[in-house]
Number of protein chains: 4
Amino acid sequence: MIRTAVVGGSGYTGGELLRILSVHPKVEVTMVTSREYAGKPISLIHPNLKGFFSINFTNFSLDKIGEKADVVFLGLPHGVSLNYVPKLLEIGLQVVDLSADFRLKDPSIYKYWYGIEHPYPDLLNKAVYGLPELHGDDLRGAKLIASPGCNATATILALAPAVKWGFTSNLKFVSDVKVSSSEGGAKPSEGSHHPERQNAIRPYEAEGHRHAAEAEQELSLIGKKDVKISIIPHAISSVRGAMASAHMWLDSQLEDMEIWKKLAEFYRGKKFVRIVRGGIHPYPDPKYVIGSNFADVGFAQEKRLMRLTMFSAIDNLMKGAAGQAVQSFNISRGFEEDEGLRLPPLRPA
Amino acid sequence: MIRTAVVGGSGYTGGELLRILSVHPKVEVTMVTSREYAGKPISLIHPNLKGFFSINFTNFSLDKIGEKADVVFLGLPHGVSLNYVPKLLEIGLQVVDLSADFRLKDPSIYKYWYGIEHPYPDLLNKAVYGLPELHGDDLRGAKLIASPGCNATATILALAPAVKWGFTSNLKFVSDVKVSSSEGGAKPSEGSHHPERQNAIRPYEAEGHRHAAEAEQELSLIGKKDVKISIIPHAISSVRGAMASAHMWLDSQLEDMEIWKKLAEFYRGKKFVRIVRGGIHPYPDPKYVIGSNFADVGFAQEKRLMRLTMFSAIDNLMKGAAGQAVQSFNISRGFEEDEGLRLPPLRPA
Amino acid sequence: MIRTAVVGGSGYTGGELLRILSVHPKVEVTMVTSREYAGKPISLIHPNLKGFFSINFTNFSLDKIGEKADVVFLGLPHGVSLNYVPKLLEIGLQVVDLSADFRLKDPSIYKYWYGIEHPYPDLLNKAVYGLPELHGDDLRGAKLIASPGCNATATILALAPAVKWGFTSNLKFVSDVKVSSSEGGAKPSEGSHHPERQNAIRPYEAEGHRHAAEAEQELSLIGKKDVKISIIPHAISSVRGAMASAHMWLDSQLEDMEIWKKLAEFYRGKKFVRIVRGGIHPYPDPKYVIGSNFADVGFAQEKRLMRLTMFSAIDNLMKGAAGQAVQSFNISRGFEEDEGLRLPPLRPA
Amino acid sequence: MIRTAVVGGSGYTGGELLRILSVHPKVEVTMVTSREYAGKPISLIHPNLKGFFSINFTNFSLDKIGEKADVVFLGLPHGVSLNYVPKLLEIGLQVVDLSADFRLKDPSIYKYWYGIEHPYPDLLNKAVYGLPELHGDDLRGAKLIASPGCNATATILALAPAVKWGFTSNLKFVSDVKVSSSEGGAKPSEGSHHPERQNAIRPYEAEGHRHAAEAEQELSLIGKKDVKISIIPHAISSVRGAMASAHMWLDSQLEDMEIWKKLAEFYRGKKFVRIVRGGIHPYPDPKYVIGSNFADVGFAQEKRLMRLTMFSAIDNLMKGAAGQAVQSFNISRGFEEDEGLRLPPLRPA
């Protein structure tokens with residue numbers, strides 16, 4: 001049993017990690033930290049998990065975590081993980097960081113998007129970008145996993161095959177993402193107030209969304225060319241689920257069957273990617289992955305204009321956060337990739 | 001491995017059974033019937049289950065089901081199960097019926113509520129009412145399980161301790177139930193049309209809801225007195241979840257701690273009932289059981305007026321239908337009660 | 001043109017008042033106060049009203065309001081209006097107070113529910129409870145109107161005919177209210193965070209809801225007997241709309257036609273109450289009054305048990321707050337009751 | 001008073017027309033047809049309008065409509081209006097057609113998108129495309145108004161200034177539209193079933209959406225060049241509201257202020273278009289136009305990549321259907337443009 005700590009356990013990502021780890025047969029959760037709720041039962045904040053954990057939230061302590069844990073999942077805000085990761089690695093723990101702090105390889109790009117010099121540029125290279133469909137090999141034995149952002153995951157999984165196989169010579173893409181409210185985390189704000197958020201169709205960070213940096217990094221790697229991604233998220237009223245509609249103009253029409261084959265080839269053997277095409281539900285829809293770690297990937301071509309849209313639908317808390325983190329962790333340890341993640345999507349939900 | 005057939009597999013209850021059975025370690029799904037979709041892949045109708053089943057929907061055939069299955073779950077409309085159950089029992093299969101057809105013991109009460117003479121009154125007594133918290137012992141070895149209705153389950157679990165322990169001498173209760181849209185099944189109608197249902201707060205069957213018959217039967221058994229229940233459901237805009245608020249007038253104030261103790265005593269050792277009281281989320285809310293088989297039970301007393309409300313929150317497709325059916329089946333076979341049902345609730349959802 | 005000020009104009013009630021007053025032909029809005037947003041355009045906070053008002057929010061000032069306004073609508077929190085009302089009356093302004101501060105006649109009941117001695121007990125008697133269907137005559141010329149609470153309005157309108165006509169001898173009622181998120185006001189909180197509120201079915205203030213005090217006061221007046229009301233609200237996921245289901249046990253069955261007649265008689269000539277019975281939508285549903293000042297009233301009787309439920313459906317921001325305040329104001333001034341309120345409900349919404 | 005008939009009055013567009021016309025001071029509704037509900041009261045189908053109309057639905061009859069009406073609004077499905085329009089014009093009535101049947105000028109384009117030869121090509125030229133912001137002058141005195149589609153309206157209003165002022169030399173645009181459920185009309189279907197539609201983020205007609213034809217026609221007219229539009233709608237879970245996010249790549253960065261000025265210039269004096277930019281709600285959101293005829297228009301530029309998105313937010317039943325039809329009608333008659341349409345948007349809703 002891998003002794004596991006969740007740092008920042010009172011947020012939505014922390015709660016989702018606990019939900020997964022509670023059914024993970026190779027893992028024992030030994031510590032869950034929360035500054036605000038130290039000493040309180042986990043179910044106080046996560047009433048869904050009532051009866052699942054006997055331990056309480058505790059304060060973070062490097063000594064204690066060193067004693068009690070083999071691996072640490074960090075569900076902390078961006079900029080906060082920075083301060084924890086080096087110390088945790090130093091005392092020999094494996095770290096799965098769900099923040100953006102170690103996702104980018106190039107410190108100058110980090111600075112561009114996050115506004116500060118990265119204090120640990122060496123660790124950027126050591127970190128493995130935890131998108132198992134792209135970095136499965138690198139993840140084996142990884143000590144520091146930088147788990148991708150939700151909108152980046154959706155965008156990358158939608159575009160990766162198109163970039164890999166050169167569907168178009170124009171490597172500038174708009175990823176129009178539709179985003180559910182749990183993406184914003186557990187902290188209330190004016191914009192997340194129910195009467196304000198419900199029925200909204202609200203663009204945000206529409207003049208530069210940070211997840212573009214990750215997406216460009218990963219897709220450029222795949223395409224071996226400089227790929228540019230403009231991600232433009234729209235807040236809508238679902239609670240879970242993100243949908244990337246990544247639009248591109250083709251140089252010439254493609255056969256739909258050809259596109260399908262390339263998708264299938266790209267994702268062959270990837271347990272958590274399903275190619276969706278045709279039938280009653282011809283395109284991906286986050287509705288059908290809710291509660292699971294699946295990414296459903298598909299496409300629509302308007303042949304008249306040679307516009308191709310690649311779709312990718314995920315549960316933002318699963319494949320977009322906690323589920324993917326556990327998937328990467330499983331690979332890093334040589335476990336079955338879907339250990340703890342055999343949770344079929346709910347329907348209807 | 002128990003060879004298992006799901007008859008009526010294209011509806012929501014059928015889909016939920018398949019979701020559970022896909023992770024049930026003691027069960028192999030060998031047959032899923034659907035008149036409408038025979039020959040089609042299961043994921044055509046249940047896109048969430050893409051990749052989970054290799055068999056297709058088939059037409060029902062008594063011969064084939066006899067060959068292929070040990071147990072049959074019937075997800076058929078009321079009045080249709082009637083015709084299948086006797087034949088399935090006759091050829092030696094175990095039957096778990098999710099319809100209302102075999103839930104009532106008294107044929108005259110069946111006639112009152114369903115308008116026809118029950119054609120198999122003898123089977124009514126043979127059937128075990130599949131509410132494991134009440135009939136755990138009877139379920140062991142049961143050949144015919146009549147799985148309860150969702151609103152009845154919520155109402156009974158809310159009221160059972162109050163009736164058992166005689167909280168009040170007045171045995172007439174109003175159960176004001178708030179009901180999500182998946183309760184109505186997978187078939188579209190005017191009332192279930194999204195623009196009509198969304199944001200509705202709509203009473204229905206408000207002048208006599210059939211689930212009252214089951215609730216009265218079971219609660220009278222517990223109370224050893226004639227208990228009367230008026231269930232009045234209100235359709236609201238969630239997709240999953242049902243909440244019973246069962247109101248009563250007390251003869252005298254009760255200590256809250258006393259009520260809590262009685263609840264705890266009544267449900268001691270029951271894996272799927274959680275007593276909710278106090279904290280940030282002081283009362284049950286279906287939101288925190290979504291995707292799971294839990295029933296969260298609690299209460300609120302307005303001491304000034306001696307009004308007591310017992311609450312029970314369930315996922316109508318799980319503890320209100322498919323989950324409970326599998327729970328009863330597990331007990332009937334001597335399996336762990338929660339086999340296939342270790343699915344923690346989602347949050348947020 | 002009546003010169004009108006809205007004090008506390010940045011909340012939902014304030015915004016709804018502005019929406020109505022913007023189309024009211026006899027009213028000119030001359031001042032809108034907000035401590036937080038003084039100096040800012042009204043559309044900054046109420047983007048729906050962009051283009052409707054040329055004035056900005058200002059700070060409250062007794063001098064200025066005395067110069068600029070003939071009537072003041074107070075959209076302030078409970079306990080805050082207390083400090084404004086006497087001064088505003090003193091300088092000769094008419095006051096329509098939407099808070100709870102002047103709704104109760106009996107200071108001891110005020111103290112019981114609000115925990116403090118009322119500082120202006122004399123004003124309690126001077127204030128007219130602004131439910132025009134009950135106090136139309138008193139409202140003519142009223143200088144201080146205490147506009148009712150939303151859950152109280154729904155409960156009173158549901159029960160008033162039953163109490164008036166003595167449907168039952170048992171004058172203790174449970175009003176199970178289903179409540180939309182805008183009732184909680186514009187200030188974010190943990191419970192109103194979208195991921196938490198959406199899909200909730202959450203009882204609150206379930207052990208004593210303050211609106212019961214108003215409802216008991218008004219219904220006792222009508223019944224000329226001591227009436228007791230237990231209001232138990234449930235937060236659900238709509239944004240607008242409240243539904244009271246007020247349950248009672250009858251002494252003997254009533255003819256449905258008889259109930260209908262009594263309802264019709266009670267509400268004869270009341271422009272904003274519609275009796276709903278039969279047809280495709282046999283019961284009231286807040287969905288069909290959204291955006292309007294209507295209260296739809298109806299009932300359902302389970303004759304088997306002599307349980308009668310009276311329903312009342314309102315838009316909590318209109319008939320439950322701003323709409324009713326303007327309706328009372330219209331009567332007080334001798335205007336048409338529906339001036340500014342000829343806004344048909346939206347459908348679907 | 002203009003005597004007005006609504007043909008196809010039981011659908012959502014018909015209902016919305018009735019809601020508007022009920023407060024229109026220059027109009028008297030003399031006839032409302034519905035094959036299915038002839039003889040039934042209007043409020044049977046439109047419970048929101050209970051008390052507003054004393055006439056019942058009737059069957060369509062050319063003779064009667066000729067006697068009773070001066071103008072006819074057609075809320076009929078595409079392909080059905082075709083058969084009514086010529087006859088209604090012939091007997092001298094003014095026709096406002098809300099279907100797609102007379103929107104396109106070029107019969108060959110009609111054939112391409114609708115699959116049949118247009119039977120009345122001469123009427124195509126006679127019809128005025130009822131988008132008042134573009135065709136205000138042509139509408140004066142118009143006898144046949146072809147009212148635009150909702151997704152076309154949103155797309156055209158978003159892109160018109162960009163095309164007019166030549167923001168980019170690349171005249172191929174993707175309009176990624178987010179669409180509420182009322183767009184699909186009042187008829188239930190599998191896809192509109194509440195449990196299926198709620199929480200969906202579902203692309204549809206993603207390989208060629210017919211509204212592109214109108215949008216291309218109108219924008220090519222404005223741009224005096226061949227403009228190509230790929231509209232790709234996504235069904236989401238709101239009931240009302242459509243949002244077009246029209247993406248383009250610029251040749252060079254533009255000053256935001258410059259874009260704003262061009263928008264303001266283009267829409268100067270247009271009562272129902274509001275330019276939204278900056279503040280707490282920096283972009284358009286359909287949430288803030290619900291219930292009204294406004295189109296809120298705005299933009300977001302990612303300067304790093306020279307990606308510009310033009311937004312347009314409408315209530316699909318108002319500016320996207322019934323509201324716009326009445327607006328065009330008002331102009332055709334020389335009334336104030338906003339007669340009957342002074343309905344401020346609801347908030348929150």
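Positions of Cβ are set from backbone N, Cα and C atoms, glycine also.
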Binding-site annotation, TrEMBL, NADP(+): partner of C:Ser10, C:Gly11, C:Tyr12, C:Thr13 in C:Asn316, C:Asn330
C:Asn316
Among C:Ser10, C:Thr13, C:Asn316 [binding-site residues], residue with fewest other Cβ within 10 Å
C:Ser10
Taking chain A as the partner, extract the recorded positions from C:Ser10, C:Gly11, C:Thr13, C:Cys150, C:Asn316 whose Cβ is under 8 Å from a partner Cβ; order them by sequence and answer 'none' if none remain.
none
Just checking the binding-site residues C:Ser10, C:Gly11, C:Tyr12, C:Thr13, C:Asn316: which sit within 10 A of C:Cys150 (active site), CA to CA?
C:Asn316
Pick from C:Gly11, C:Cys150: which of these recorded positions has the biggest number of other Cβ atoms within 10 Å of its Cβ?
C:Cys150
Taking every residue in the domain 'Semialdehyde dehydrogenase NAD-binding' (C:3-142), what is their average pLDDT?
97
Interface-proximal recorded positions, chain D, C-beta separation under 8 A, candidates C:Ser10, C:Gly11, C:Tyr12, C:Cys150:
C:Tyr12
Suppose we draw a 10 Å sphere around the Cβ of C:Tyr12 (NADP(+) binding site). How many other Cβ atoms does it contain, all chains included?
25
In the three-state DSSP scheme, C:Cys150 (active site) belongs to helix
Rounded to whole angstrom, what's the largest C-alpha distance between any two of C:Ser10, C:Gly11, C:Tyr12, C:Thr13, C:Asn316, listed as binding NADP(+)?
17
In the three-state scheme derived from DSSP, which category covers C:Thr13 (NADP(+) binding site)?
helix
Please list, for the domain 'Semialdehyde dehydrogenase NAD-binding' (C:3-142), how many residues fall into helix, strand and coil according to DSSP.
56 helix, 26 strand, 58 coil
